[in-house]
Structure formats: C-alpha cells, structure tokens
Amino acid sequence: RYQELTVLLLLLLEGGSWGASPLRPLCRPTNATLAAESDACPVCVTFTTTICAGYCPSMVRVLPAALPPSPQLVCTYRELSFSSIRLPGCPPGVDPIFSFPVALSCSCGSCRLSHSDCGGPRAQPHLCTRPHLSLRLL
C-alpha cells in the first residue's frame, strides 16, 4: 500500500511540474498575428487576435492494432465570437470583408474544421505575399 501511494505521489508531482513547465503551455487563449489577403485586392492586412493554442494530453495505444486508434485531442475553441476587417483597395464587385474567429475560451477536444485549422504547428506563420498593412483591432 505504501509503495502504491509513493508511486501515485511521484506521478502527481511529476505531472504538476510538467504541466507548469513554460516549455509546454497548456491549451489556452493567446494572442497571435494573422494575415488576411484576397487575390483580387492589392493589399494584405496583418492583425492581432486571440486564438486557441497550447498542448493537450494525448494517448497512444500500446496494444496491437486490434483496437481502434485513440482519438487525438487538439486545442480548440470552447466559446468564440466572429470579427471582421475590411481589406483596403479592393475593386468594385469584390467583397472586401474578411471574417475570422476570436477565442473567448479554449478546451482540448476533437478538431472542428468549421472554424479551426487542425494541421498542427507550421515552420513559418501565414505570411503576406502582397504589400501589407498592419491593423490594430479594438
């Protein structure tokens, strides 16, 4: 019984230090700079908004492939709102409005492609391919 409690305590202590580590921030709202552009508009706009980012616990089965794979959780929106910016200089007939999600709260869950990019971290952030303008959102 004593050994079981010791092992449990060590696991809890290790888990607590891992979770608090600055190298592995857990899933939470965080500020990020994004880029918005349209093929028809001459300017790319960069802006800062709140996204969900961070690590979620995951599990890999050790048993053979007889069991279905464990679902892998991603850091995704729990609650969100949508905001919009206007891309400047768009010609008549082109919709200049770019809408994007704003994280209000985050959680670890299945990826919802309707409002999340589930591709994982990128070597480079989304960059503008056109001249760009930085906007400050209120």
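Residue numbering: from 1, along the chain as shown.
Yeah, the Cβs are placed from backbone N, Cα and C, and that goes for glycine too.
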Key: From Cys52, Cys56, Cys128, partner that Swiss-Prot gives for the disulfide involving Cys106   = Cys52
Query = Looking only at Cys41, Cys44, Cys75, which is named in Swiss-Prot as the disulfide mate of Cys27?
reply = Cys75
Key: Record Swiss-Prot, residue Cys128, disulfide partner from Cys44, Cys56   = Cys44
Selected from Cys41, Cys56: Swiss-Prot disulphide partner of Cys108 = Cys56
Task = Please tell me which one of the disulfide-bonded residues listed here (Cys44, Cys108, Cys111) sits closest to Cys90 (disulfide bond), measuring Cα to Cα?
result = Cys44
Task = If we count other C-beta atoms within 10 Å, could you say which of the disulfide-bonded residues Cys41, Cys44, Cys52, Cys106, Cys111 has the fewest?
result = Cys111
Lowest local Cβ density (other Cβ within 10 Å) among disulfide-bonded residues: Cys27, Cys128 = Cys128
Note = Here the recorded positions are Asn31, Cys56, Cys128, and the Cα closest to that of Cys75 (disulfide bond) is found at Cys56
Request  = Work through the recorded positions one by one (Asn31, Cys56, Cys75, Cys90) and point out the residue whose CB has the fewest other CB atoms within 10 angstroms.
outcome  = Asn31
